[in-house]
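Colleague: Straight out of Swiss-Prot:
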DISULFID  CYS9-CYS14  disulfide bond
Amino acid sequence: KNYGNGVYCNKHKCSVDWATFSANIANNSVAMAGLTGGNAGNK
């Protein structure tokens with residue numbers, strides 16, 4: 001399954017397309033917040 005943010009999974013593992021992932025993170029801090037349990041940007 002491709003999650004559309006550079007992360008995609010098959011039956012065995014998940015992988016990250018870092019170029020896509022990084023571009024999405026730069027444009028969408030919500031994605032990073034989801035991956036970090038909501039801690040991104042909260043200092």
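Cβ coordinates come from backbone N, Cα and C, glycine included.
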Colleague: Please list, in sequence order, the residues in the chain of CYS14 (disulfide bond) that are at least six apart in sequence and whose C-beta is under 8 Å away from its C-beta.
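Modeller: Spatial neighbours, sequence-distant, of CYS14 (disulfide bond): VAL7, TYR8.
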Colleague: Within 10 Å of the Cβ of CYS9 (disulfide bond), how many other Cβ atoms are there?
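Modeller: That number is 11.
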Colleague: Where does CYS14 (disulfide bond) sit in DSSP terms: helix, strand, or coil?
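Modeller: It is in a strand.
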